[in-house]
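Participant: Residues annotated as domain 'ABC transmembrane type-1' in TrEMBL: A:57-241. According to TrEMBL, the transmembrane segment annotation covers A:64-86, A:98-117, A:123-145, A:183-207, A:219-237.
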Amino acid sequence: MMNVVKKILLAIALPLTLFAGWYFLSADSESFYSPPLEKILVAFGDTWGLDRLRADVAPSVLRLLAGFLLAALIGVGAGVAIGMNLRLRAVTEPVLEFFRAIPPPVLVPVIMLFAGIGDAMKVIVIVFGCIWPILLNTVEGVRAVDSVVLETARSYGVNGVARITKVILPSAGPQIAAGLRQALSIAIILMVISELFAASNGLGFTIVQFQRSFAIPEMWSGIILLGLLGFVLSLLFRLAERRALRWYEGLRAAQRQS
Amino acid sequence: MTSPRRGNPARSGGTALLGAVGLAGLLLVIELAPRLGLVDERYLPPASRIAAALAEEAGTPAFWTALTDTLIAWSVGLAIAVGAAVLAGIVIGSIPVLRSLTASTIEFLRPIPSVALIPLAVLMYGTELGSTLLLVCYAAFWQVLVQVLYGVADVDPVAFETARSFRFSAWGRIRHVLWPTALPYVFTGVRLAASVALVLAITAELVIGSPGLGKEIAVAQASEAVPTMYALIVVTGVLGVIINLLARTGERRLLAWHQSVRGEVTV
Amino acid sequence: MLEVKGLRKVYRSGSREVEALRDLTFTVDNGELVCLVGPSGCGKTTLLRCISGLLDPTAGDVRVNGQKVDGPPKGMAVVFQEYGRSLFPWMSVRDNVELPLKQKGVGRARRKQLVEQSLDAVGLTGTASAYPWQLSGGMQQRVAIARAVAYEPQTLLMDEPFAAVDAQTRADLEDLVRQLWKRLGVTILFVTHDIDESVYLGQRVVMLSTSPTVVQEELAIDLPEHRDQLTTRADPRFIQLRTRVYEQIQAAKRNAMQ
């Protein structure tokens with residue numbers, strides 16, 4: 001019990017101190033660019049009401065999720081196909097590595113050519129940007145499935161769909177999760193970037209509007225909201241990952257002990 | 001389906017060949033798709049036109065200036081981030097109280113998307129190098145810091161106790177026990193950070209308009225010089241591949257060296 | 001009946017050729033328990049993989065009840081040496097045992113019954129919901145055996161199944177194999193490098209030469225049907241037989257040296 005209390009105290013001590021430090025140090029700030037935190041907080045409350053959340057945050061988050069899920073679906077699907085085929089992998093790998101190496105934001109101008117500036121463009125940008133780590137990690141994970149596991153599956157007649165869903169995907173799961181985690185942070189970046197170019201709504205769009213109109217406390221509050229969004233999404237992802245890969249954690253702990 | 005058998009026909013030489021075939025196939029598709037009218041030539045020019053635009057770009061001093069600017073922003077930002085992250089990582093990692101005190105804060109700050117700082121960077125530095133550096137440093141810093149923290153946590157307690165029992169000084173413990181253990185993690189962190197730093201450098205240039213390849217892409221887009229835009233994107237991809245390869249081989253080399261040295265120390 | 005006739009396997013890697021199996025011929029009658037024993041590196045595992053249909057032989061063939069083997073045959077179960085890698089760590093013990101049955105199209109009620117029966121039979125009652133890595137090495141190998149037993153095979157191949165467990169566990173597992181064999185009436189081909197184990201378990205021992213492998217000799221084990229770790233191993237006949245096997249293996253190694 002004491003331990004839990006101590007843990008919680010340790011966890012919140014520094015954030016509280018930093019927050020309090022920022023609050024009090026900035027209290028008399030005359031600087032135009034770093035207004036008092038109090039002002040930012042007031043702006044936060046004023047700015048991000050239900051209407052704004054519905055009008056700007058919800059579209060951003062929906063586009064983000066659509067793009068991420070599409071990329072996950074396509075990436076894992078194609079990754080399994082490529083990972084299971086030696087030749088296909090050899091042919092596609094350099095091409096995939098090249099696509100992964102392209103900084104995703106530069107795809108925005110290209111995709112704007114094809115898909116205009118609507119929601120479709122933004123979702124495609126997110127898909128195109130975050131599919132590569134998922135795809136390449138899946139390929140790597142599938143390739144690395146233990147040969148004994150595969151032989152066991154084969155000799156017990158675990159073929160076809162079950163071979164993929166019960167054997168190959170779970171075995172590659174940890175690697176795929178790592179790819180998804182990378183992809184998620186890229187997806188958030190692209191969510192913002194795609195809105196900077198041409199948009200009429202969205203979180204990134206709004207923050208830049210604030211910056212351009214020199215509404216500094218509002219801009220700060222947007223940055224804080226974006227940070228919170230990133231934090232919450234990564235937290236949710238970690239929870240889901242821990243649930244899905246409970247066996248992997250346990251296995252690793254067991255291996256460390258022996 | 002791959003059979004689980006070993007010794008299949010595709011061998012490393014063959015693999016490289018197949019990879020070349022894949023790249024050639026990609027070029028062919030990009031060449032033919034617009035020529036056959038499968039996609040609009042204004043949106044995707046044939047590969048040969050992109051290549052021509054690339055050659056033309058390579059003849060202009062502006063291109064090389066932009067490339068240098070990008071590389072400077074990348075390397076300076078990366079260096080600052082690595083230096084700061086290694087220092088912070090070792091200090092935080094080797095003092096247990098600090099570690100548990102900062103864990104939550106790091107977990108909170110790390111997933112904050114670096115692009116959230118774009119407006120701030122614009123206000124502080126405008127379209128100068130500083131804007132790019134801020135984003136690059138921020139993004140690269142976390143990559144390295146987290147790896148260093150893993151590395152320090154991985155130090156074998158027995159090795160540490162041994163060092164203590166021989167009355168190593170704090171500096172000696174860091175120098176001879178902690179640092180060698182953490183080094184491979186530092187390399188991993190640097191490798192990851194190198195890619196992230198490039199992405200952020202070019203993103204900042206593209207969005208903010210600070211000098212570099214990203215800005216050139218934005219200019220090409222604005223002036224509807226589509227082949228040039230594609231050519232520059234290819235350059236950023238190649239740059240990414242090169243940085244990746246260098247970082248990976250560098251890591252492998254240094255780690256090989258490291259393990260042999262470590263073998264001597266611990267035995 | 002399991003027939004191995006003129007079996008030859010040559011591995012090719014580039015221009016290099018390695019002849020693992022030269023010419024192997026032997027049979028195992030239905031319901032028989034035969035041990036294959038040979039010096040280490042004699043191609044036992046290659047042979048077993050040919051028999052289980054995981055590997056195509058270069059020449060010769062393997063027949064199960066007259067049917068030529070070209071892919072994992074029906075009614076055959078394999079227990080691999082690497083139990084830690086052969087059990088799927090992402091599945092509970094129950095799911096590990098049940099998956100092959102699902103693939104075979106066994107109905108739900110019957111599956112449940114088979115899983116329970118087989119876990120009981122190997123002495124693992126009540127561990128069904130644990131993960132394999134939560135169990136000790138010996139228990140994991142029991143799970144692998146339970147999986148094989150639940151599959152209701154006519155033929156059971158065991159590839160050095162106890163090479164990685166400690167000596168006491170090993171004795172228990174040997175008795176378990178004898179007991180299961182008698183109760184189920186399956187045909188067992190048991191590969192081992194342990195001479196005592198082969199004599200203790202088998203009705204017949206097939207001795208292999210070093211690689212490129214041929215059958216060195218076959219020896220009927222005329223020990224009493226009931227075997228016991230204490231009395232059987234102290235039986236003078238046991239000692240004679242193991243000496244005989246030992247000499248043959250040594251002779252095989254000497255031949256290889258020349």
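Glycine is no exception: its Cβ is also placed from the backbone N, Cα and C atoms.
Since this is a predicted model, take the numbers as computed values, not measurements.
Mind running through what each feature is packed against?
Facilitator: Under 8 Å from some Cβ of the transmembrane segment (A:64-86) lie the Cβ atoms of residues 92, 122-127, 130-132, 134-143, 164, 168-169, 172, 176, 179-180, 183-184, 187-188, 190-191, 233, all in the same chain and six or more residues away from its ends.
When Cβ-Cβ distances below 8 Å are used as the criterion, the transmembrane segment (A:98-117) is approached by residues 124-125, 128-130, 132-133, 136, 186, 189-190, 193-194, 197-199 of the same chain, each at least six residues removed from its ends.
Away from its own ends, the transmembrane segment (A:183-207) comes close to residues 52, 55-57, 59-60, 63-64, 67-68, 71-72, 75, 104-105, 108-109, 112, 117, 121-122, 125-126, 129-131, 133-134, 219, 222-223, 225-226, 229-230, 233-234, 237 of its chain (Cβ-Cβ under 8 Å, at least six residues beyond either end).
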